[in-house]
Amino acid sequence: MHEKIYKAFHQDISIDDYKELDELKKKFEGMKPFNEYEKDGLKSYDDAFLVRFTYESNAIEGSTLSLGDTELVLEGEFTPNNNQRLREIFSARGCADGCAYIEKELENDRKFTEDFIKDIHERTTLDCQPRIRGTYRIAPVYIQGSLTESVDPIQIRELIPTLLYAYENSDAHPIAKVAAFHAMFENIHPFQDGNGRTGRLILNYMLEKEGYPPIALKHDAKQDYKKSLEEWQVRGNPKMFLDVVKNYVLDELQERIRIITVTRETMKVLNMDLKYENSEKPMELDDDLEI
């Protein structure tokens, strides 16, 4: 497994494979700083993304909550009708908590370590037994519907440091590094449960750390997602999963660029100042106005 991890971060990949992605990233960065209206648009999208990511990530694992149900759960307004639904509520709540946690730690510029991985797992897996949350597994696990074999539990404590070292010292393109980490993390399967949800949160943390937007892998395309991981983990072919991650990031960048473009075009039509210099100025009230 050590050799597999090393190879995952040393793939022969042409930089041209990421040319379009890098150009879009540069274009988005060049649009900064954003005015208050643009920030409003991005915040609205981010709020919707949180619900979408939570829904998609849990649906990949078999949750029956709909997108609308998930929104109600995050708003604290969903009432379960059986024990299964109760567990799904905890799962959704945990995923959202995990998202909030990684965003906070991004602001804190926290170093990515084993403890951080365990902290993400502990906060995300609210539907799991306390004894397995934030703790590497003791028993074997089997990855359902996949030919990939997870490692023996005794190997986890030496493989995760190897994986972290490989990521930190790789000269590969950031997207290739992030994808390699996710593929190998899921191959190791360090926890008794919740590896997929935790891994997808780590994937987004790493993307954002590298300056890219987070992604929400779609549950209705989960067979492509799982097949592409298996192709890399079992057959050593990374291209399919690299393309999956790259295309999702492309879509996210394009949508964020569209939000800024539409907002600026609207402001231009309305003859509004793009700099929005008075955005922080408090509203002045008439002294005679009764409140």
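Positions of Cβ are set from backbone N, Cα and C atoms, glycine also.
Annotated features in TrEMBL:
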SITE      E61  site 'Important for autoinhibition of adenylyltransferase activity'
DOMAIN    112-251  domain 'Fido'
ACT_SITE  H189  active site
BINDING   D193, G194, N195, G196, R197, T198, G199, R200  ATP binding site
Study note, to complete from the structure: Filtered by Cβ under 8 Å and at least 6 apart in sequence, the residues in the chain of N195 (ATP binding site) near it are V141, F185, E186, H189
Point to revise | Cβ within 8 Å of the mean position of the Cβ atoms of D193, G194, N195, G196, R197, T198, G199, R200: remaining residues of the chain near ATP | key: E61, H121, T124, T125, F191, L201
Review point. Hey, of T198, G199, R200, which of those binding-site residues are within 10 Å of E61 (site 'Important for autoinhibition of adenylyltransferase activity'), Cα to Cα?
Key: none
Practice item. For G196 (ATP binding site), just count the other CB atoms lying within 10 A of its CB, please. Key: 22
Review point. Non-local Cβ contacts of G194 (ATP binding site) (under 8 Å, 6 or more apart, same chain)?
Key: H121, T124, T125, C128, R133
Revision key, fill the gap. By a three-class reduction of DSSP, H189 (active site) is assigned coil
Exercise for review: Sort the residues of the domain 'Fido' (112-251) into helix, strand and coil with DSSP and give the three counts.
Suggested key: 90 helix, 0 strand, 50 coil
Review point. What is the pLDDT of the domain 'Fido' (112-251) when averaged and given as a whole number?
Key: 97
